[in-house]
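Take a look at the structure set out below.
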Amino acid sequence: MPKFFDAIAGFRVTFGTMFKKRLTEQYPEKPGPVAKRYHGRHQLNRYPDGLEKCIGCELCAWACPADAIFVEGADNTEDERFSPGERYGRVYQINYLRCIGCGLCIEACPTRALTMTNEYEMADDNRADLIWGKDKLLAPLESGMLPPPHPMAEGSTDEDYYRGNIAPLAGDAR
Ligand code: SF4
Ligand code: SF4
C-alpha cells in the first residue's frame, strides 16, 4: 500500500502542471514577437537614390569575432558607380553558419551600411545557402531609388551622401 501512495505522489507535479495555462509558442504557425533591438539577419542599406552605402572598407569583417564576413572592395568609376566616394563592396558575404549575432560588425561600420533586422527565420539544410551574398543582403529598392550603377545626384559630393543630404529621385525611378 505505501508503494501505491509513493507512485501517486510521484505524479503530483505532472497533474499540477496539466491544468496550468500553456506557455508554449505556436511556432511556426504563429511566430513569436521579438524585442525591438533583436539581432536578426543583416541588411546592407542604400541611400535614398539607390546607391549602396557600403564602401568596401572591411571594418565589419575585421570586427567580427567569428570570422563570418568576407568583403572584397573595388573602385567606382564614372561609368560604373555603385556607391558615393572611391570604393564599393564588390563582394559581400556573411556566413550564417558562423555568425553568433553579436552585432559587433554593425557597430564597426562607418557609414551605417550594415544593420541588423528582426528577421530570424534563416534555417536551411545546406552550407551553400547559409552563406548570404549581396543578392540576399541588399535592402530592396524603394520608391525614388534606381538600381546601381548610376551617377551620384547632380551637383552632390560624397560628403553630401554621408551627411544625409540626398533626396530620393523624382517619381518612382525603378
Ligand atoms: S553579428 Fe557578430 S558574429 Fe555575426 S557577422 Fe556580425 S560581428 Fe560577426
Ligand atoms: S558594411 Fe560597413 S564596415 Fe562593412 S565593408 Fe561595408 S562600409 Fe565597411
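Placement of Cβ uses the backbone N, Cα and C atoms for every residue, glycine included.
If you look up TrEMBL, you'll see 44-74, 90-119 marked as domain '4Fe-4S ferredoxin-type'. Taken from TrEMBL, the feature [4Fe-4S] cluster 1 binding site applies to CYS54, CYS57, CYS60, CYS109. According to TrEMBL, the feature [4Fe-4S] cluster 2 binding site maps to CYS64, CYS99, CYS102, CYS105.
Looking only at the binding-site residues CYS64, CYS99, CYS102, CYS105, the one with its C-alpha closest to CYS54 ([4Fe-4S] cluster 1 binding site) is CYS105.
Separating the Cα atoms of CYS105 ([4Fe-4S] cluster 2 binding site) and CYS57 ([4Fe-4S] cluster 1 binding site) is a whole-number distance of 12 Å.
Within the set of binding-site residues CYS57, CYS60, CYS109, the entry lying nearest in space to CYS99 ([4Fe-4S] cluster 2 binding site) is CYS60 (CA atoms). Of the listed binding-site residues, namely CYS60, CYS64, CYS102, CYS105, CYS109, the sparsest Cβ surroundings within 10 Å are found at CYS102. Residues CYS105, taken from the binding-site residues CYS54, CYS57, CYS60, CYS105, CYS109, are distinguished by a CB atom under 6 angstroms from ligand 1. Here the binding-site residues are CYS54, CYS57, CYS99, and the one whose Cβ sees the fewest other Cβ atoms within 10 Å is CYS57. Sequence-distant neighbours of the domain '4Fe-4S ferredoxin-type' (44-74) (same chain, 6+ residues past either end, Cβ-Cβ under 8 Å): 81-96, 98-100, 102, 104-115, 134, 137-139, 141, 144-148, 150, 152-153, 161, 166-169, 173. Annotation note: CYS60 ([4Fe-4S] cluster 1 binding site) sits in a helical segment as assigned by DSSP. Ligand 2 lies under 6 Å from the Cβ of none of the binding-site residues CYS64, CYS99, CYS105. Here the candidates are the binding-site residues CYS57, CYS60, CYS109, and by Cα distance the one nearest CYS102 ([4Fe-4S] cluster 2 binding site) turns out to be CYS60. Cβ proximity to the [4Fe-4S] cluster 2 site centre (mean Cβ of CYS64, CYS99, CYS102, CYS105, cutoff 8 Å) flags the following additional same-chain residues: CYS60, ALA63, PRO65, ALA66, ALA68, ILE69, ILE94, ILE100, GLY101, GLY103, LEU104.
Each residue contributes its Cα atom, and for CYS64 ([4Fe-4S] cluster 2 binding site) and CYS109 ([4Fe-4S] cluster 1 binding site) these two points are 11 Å apart.
Looking just at the domain '4Fe-4S ferredoxin-type' (90-119), the mean pLDDT is 98. Taking the centroid of the Cβ atoms of CYS54, CYS57, CYS60, CYS109 as the [4Fe-4S] cluster 1 site, the other same-chain residues with Cβ within 8 Å of it are ILE55, GLY56, GLU58, LEU59, VAL71, GLY89, CYS105, ALA108, PRO110, THR111, ALA113, LEU114.
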